[in-house]
Amino acid sequence: MAHTNESMVSEFVPLGLSNSWELQLFFFAIFSRVYVASVLGNTMIIVVVSSDAHLNSPMYFLLSNLSFIDICQSNFATPKMLVDFFVEHKTISFEGCMAQIFLLHSFVGSEMMLLVAMACDRFIAICKPLHYSIIMNQRLCIIFVFISWAVGILHSVSHLAFTVDLPFCGPNEVDSFFCDLPLVIELACMNTYEMEIMTLTNSGLISLSCFLALIISYTVILITVRHRSSSGSSKALSTLTAHITVVILFFGPCIYFYIWPFRRLSLDKFLSVFYTVCTPLLNPVIYSLRNEDVKSAMRKLRNRHMSFWKN
C-alpha cells in the first residue's frame, strides 16, 4: 500500500478528543471500560451460542457472526486511542491511516449487510413459519455471512482505491482520534469536491439502501405480529424490539456522517466515539438483556463452570 511520489506526508497526526489532561484521563477511564466490556461481551455471546445446543439456529448463528464483527470493530482504532491519551505527540503512519480506513469501512459495510440478513431471518421465521426450516438452512446462513463480508470489503476497497493515491503534502492533522475518511480526504493537496461527492454517494447508497430494507422488513414483520395474540408472538415482539433498537442506534450516526454535507461540527467527534467505541457494546447489552434464551444459556454456562471448579 504505497502512496505516490507527489505525497510528502509520511504520517498523520490525530488530534484526539481534547487537549485537556484531566479530560483525557476521564475519557480513558470511561472508554477503556467500554472497550473491555465490548470485547468480553461479544466474546461471551460467541461462546454461549457455540456451547448451547438450544441456540443452534440461524438467528443465533448470525448473531454470533455479528458479535465477531463487533469485536473487530472494537479493535481497529480504540486501543490506539486509549494509548494516545498518554502520548503528547500523537502520530499514525500513512499506511496505518489507510489501514484504519479500510478496516472501518469493511466492518461497517459487513455489519450493515449482516443486519439485513438477520432481518430476512426474522421475516421468514414470522411471516413464513412453516417454510422456515427449509429456507433458512445452514448453507443459506453461510452464504449470508459470505455476502456480508464480500460487500463490506468491496465497499472499503472502492474508497481506498481512490484515497491511497491522493497527493498529501500537508497539513497532516486529522481532527479526530482515528483516520476518518472524509477528514483525510480534506487534507489532500487538490480539489476534492468530486471525491467527496463520490464518497457520499458510495457510503450513502449502501447505508440508505440497507436502512430502508430493514425498515420495510421490520414494518411488515410488526404488522404480522400485531395480528397475532399468542405467547409466541410476544416473544417474537421482544426479539424484534432488540433488533430494531440495534438498527436505529447503528444506522443513526452512520447516515448522519455520510448523508450530511462535509462541513463538520464539534459534535461530530463525539458521535464518532459513539459509533466506533460504543456501538460494538450494543450487541451484547441489548441482546443479553432482552433475549431470554441467551440469558438462560448464560446461566447454564455459568452453573456448569461453577460445578466444574467445585469438583
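Cβ atoms here come from the backbone N, Cα and C positions, even for glycine.
A TrEMBL annotation is a machine prediction, not a hand-curated record.
Taken from TrEMBL, the feature domain 'G-protein coupled receptors family 1 profile' covers 41-287.
Counting only same-chain residues 6+ beyond the ends of the transmembrane segment (25-48), those with a CB under 8 A from a CB of the stretch are 17-18, 55, 63-64, 67-68, 70-71, 74-75, 78-79, 81-82, 85-86, 273, 277-278, 280-281, 283-285, 287-288, 294, 297-298, 301. The transmembrane segment annotation in TrEMBL covers 25-48 (among others).
Residues 31, 35, 38-39, 42-43, 45-46, 49-50, 100, 103-104, 107-108, 110-111, 114-115, 117-118, 121, 138, 141, 144-145, 148, 177-178, 276-277, 279-280, 283-284, 287, 293-294 of the same chain lie 6 or more positions beyond the ends of the transmembrane segment (60-78) yet place their CB under 8 Å from a CB of it. Residues annotated as transmembrane segment in TrEMBL: 60-78 (among others).
According to TrEMBL, the transmembrane segment annotation covers 98-119 (among others).
Residues annotated as transmembrane segment in TrEMBL: 140-162 (among others).
If you look up TrEMBL, you'll see 205-225 (among others) marked as transmembrane segment.
Taken from TrEMBL, the feature transmembrane segment applies to 237-259 (among others). Proximity of distant same-chain residues to the transmembrane segment (237-259), defined by a Cβ-Cβ separation under 8 Å and at least 6 residues beyond the stretch ends, is recorded for 59, 108, 111-112, 115, 118-119, 122, 182, 199-200, 203-204, 207-208, 210-211, 214, 218, 221-222, 225, 268, 271-272, 274-275, 279, 282-283, 286-287, 290-292.
Residues 17, 31, 34-35, 37-38, 41-42, 44-45, 63, 66-67, 70-71, 73-74, 76-78, 81, 104, 176-178, 180, 242, 245-246, 249-250, 253-254, 256-257, 295, 298 of the same chain lie 6 or more positions beyond the ends of the transmembrane segment (271-289) yet place their CB under 8 Å from a CB of it. Marked as transmembrane segment by TrEMBL: 271-289 (among others).
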